[in-house]
Amino acid sequence: MVAIDLGASSGRVMLASYYPGQQQLTLREVCRFTNQIKSIDGSDVWDIDAIEQSIREGLSQLDSEGIALDSIGIDSWGVDFVLLDKQGKRIGQPVYYRDSRTQGVMARAQQTLGSNAIYRRTGIQFLPFNTLYQLRALSEQQPHLLADVAHLLLIPDYLHYRLTGQLNWEYTNASTTQLLNIETGDWDSDLLAYAGVPAHWFAKPGKPGNTIGYWHSANGQQVPVVAVATHDTASAVLAAPLIDADAAYLSSGTWSLMGFESGTPLTHQQAQCSNITNEGGAEGRYRVLKNIMGLWLLQRATDELQIDDLPQLIEQAARQPACRSLINPNDSRFINPPNMCREIQNACREHQFPVPNTAAQLARCIFDSLAMLYRQVAQELATLRGRPISHLHIVGGGCQNQFLNQLCADACGLNVSMGPVEASTLGNIGSQLISLGEVADVTHYRRIVANNFPLHHLSPHDNSDFAAHWLQFQSLSQLPKELCI
């Protein structure tokens, strides 16, 4: 089986082999590539052709090795989309969700439609780049494009289409758009109308597990392409070996997404006030979670400072005084500033914290601030669910940052398990195995993951630094500019 896992910063083609008798699961990286952003006519767009080419090269490599493939699945980030004309050809380039075209659009939508009405219909967190606001911006700023559009596909649906020639709309990713009605599981006609787009661009999203079509290889293979849980976090959570019903997960990467699984969505006033999202998951479950800006801040800072040795930077940051400088990572100023280091410094200066000047000071500021925000979100989630979080499972690339994860354990006062690193890839494979009938369900698959990919564990330290600075951070996190409220 092949899992094509596309994150916001990079993509990978991974080969998985499963041996049912021993319930052994192995992964092999076929290729890894950077997901590039280009600037075209003043807009930041994804180089979707380069992404597709990298995928095809990975598949061709496996085909040339003579490996018989059972299935293929693609997962990616949410909200971004591709427009197709009546001939199935792409119209323009998919715009990057951090592009500035949506500035002010969400606030106008909340004023016109009412925040309560939008949240009640969708149960989705208010994020300025949600597809709802991207489409409203498109219809306002480039209405001439709309007449030629026949279909809108989210990124993994588009890439599945390119491999198979078949259209598909998958539920878990569709749920991120803030266009899906949480009661019906179908596109909300009133929200589509506000976005300025017709319903015939879409079909009702299907749950993960169906075969979309087939990829035909140069050597004559006809490989089923499966609609996995195509939102990367939905796949990551599918593979998270949660120890009990009260455990929470933290999918840690460019974004940090902290939440828990629920059989029903939480769309009451308290959930809305906490800006909690109810995204679709596997087996009809809901991912009740909150988006946190995550390692995006560190990625941008290290790019600007041209730092390649991340382990050394983390080691240097660990030697800095704790909580010397704090920011609110979910402040909207950090979505896509021209210069991240300068923006962090300005935020510290404005709130009378010492200004971090060195790379180590900047990194420590980011790590301490993320740990504080993790604590705040964990408390919000526990309050919403009505019982404490028993354990936190950190999955994804960020689970390799043991220093940050120890800060998270300390700040939250929780035992933490780290792994698997390739959680989205493994969740993608899990959907395929369930679809192929090789694995019974998500619970069964999580046992397989836990047995094949050992976890690492951390316990919280008695850390007075966080307690001493908690009130300072709370004052930051209550500022009205917090991300998307």
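Placement of Cβ uses the backbone N, Cα and C atoms for every residue, glycine included.
Listed in Swiss-Prot for this protein:
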| type | residues | note |
| --- | --- | --- |
| ACT_SITE | Asp232 | active site, proton acceptor |
| BINDING | Ala8, Ser9, Ser10, Gly11, Arg12, Thr254, Gln299, Gly397 | ATP binding site |
| BINDING | Gly78, His231, Asp232, Thr233, Asn291 | substrate binding site |
| DISULFID | Cys348-Cys365 | disulfide bond |
| DISULFID | Cys408-Cys412 | disulfide bond |
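Sequence features, as recorded in Swiss-Prot, placed on the structure.
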residue	record	DSSP class
Ala8	ATP binding site	coil
His231	substrate binding site	strand
Thr254	ATP binding site	coil
Asn291	substrate binding site	strand
Cys348	disulfide bond	helix
Gly397	ATP binding site	helix
Cys408	disulfide bond	helix
Distance, the residue listed as 'active site, proton acceptor' to Arg12 (ATP binding site) (CA atoms, angstrom): 12
Packing count at Gly11 (ATP binding site) (other Cβ atoms within 10 Å of its Cβ): 22
Site with most surrounding Cβ atoms, counting all protein chains shown within 10 Å, from the binding-site residues Ser9, Ser10, Thr233, Asn291, Gln299: Thr233
Those binding-site residues listed as Arg12, His231, and which of them has the most Cβ atoms within 10 Å of its own Cβ: His231
Sparsest-packed among the binding-site residues, when each Cβ's other Cβ atoms within 10 Å are tallied, from Gly78, Gly397: Gly397
Most Cβ neighbours inside 10 Å, all chains, among the recorded positions Thr254, Cys348, Cys365, Cys412: Cys365
Least Cβ-crowded entry, counting other Cβ within 10 Å, from the recorded positions listed as Ala8, Cys408: Ala8
Additional residues around substrate, ordered along the sequence, whose Cβ is within 8 Å of the centroid of Gly78, His231, Asp232, Thr233, Asn291: Trp77, Asn173, Thr176, Ala234, Ser251, Trp255, Leu257, Glu279
DSSP-derived structure type at Gly78 (substrate binding site), helix or strand or else coil: coil
Under 8 Å by Cβ from the residue listed as 'active site, proton acceptor', counting only residues of that chain that are 6 or more apart: Asp5, Leu6, Gly7, Asp75, Ser76, Trp77, Gly78, Ser424
Mapped DSSP class for Cys365 (disulfide bond), helix or strand or coil: helix
Spatial separation of Cys348 (disulfide bond) from His231 (substrate binding site) - C-alpha basis, Å: 34
Separation of alpha carbons, Cys365 (disulfide bond) and Gln299 (ATP binding site) (Å): 14
